[in-house]
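Some features that TrEMBL has for this protein:
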- 12-28: compositional bias 'Basic residues' (COMPBIAS)
- 95-104: compositional bias 'Basic and acidic residues' (COMPBIAS)
- 63-85: domain 'C2H2-type' (DOMAIN)
- 1-32: region 'Disordered' (REGION)
- 95-129: region 'Disordered' (REGION)
Amino acid sequence: MGKSKQTGNHKSDKKKHIAKTWKTKRRTKDLDQIHSDMKPETANKLLHQEVDYDVTGCAQHYCLHCARYFVDMRSMKEHFKSKVHKRRLKELREEPYTQAEAERAAGMGSYIPPKKVEVKTQPVEENMD
């Protein structure tokens, strides 16, 4: 028998980090990042973006709480009624974890339960259709 033509195939760079690729494929923003996006000045920038043809829906239909772009206004309104969006709103009601809270948990102070934050679905502008 002759020598195999496929030599060194197991060292391929394409297959090297496949587990990491699958773990980060559908990665979304963390809750503390979304809380920082919900501040009025940042939220205004995200909701009124310039037209970008590389992003879904030309970056005109963006859900602030889920950090997702949508093709049109109708699909965004359907998303607002979905379980995924409602779950995300429920998760965002709790105040983000801070360094002070971490120190209290480590025994450097008394425990204070996290505060609740009022979160509502963003207003929809009808004139964008």
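Using N, Cα and C of the backbone, Cβ positions are placed for all residues, glycine too.
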Spatial neighbours of the domain 'C2H2-type' (63-85) not adjacent in sequence (6+ beyond its ends, CB under 8 Å) are 28-29, 33-34, 37-38, 43, 46-47, 55-57, 92, 119, 121-122, 124, 126, 128-129
In the domain 'C2H2-type' (63-85), averaged pLDDT is 94
DSSP-derived helix, strand and coil totals, residue by residue, for the domain 'C2H2-type' (63-85): 11 helix, 3 strand, 9 coil
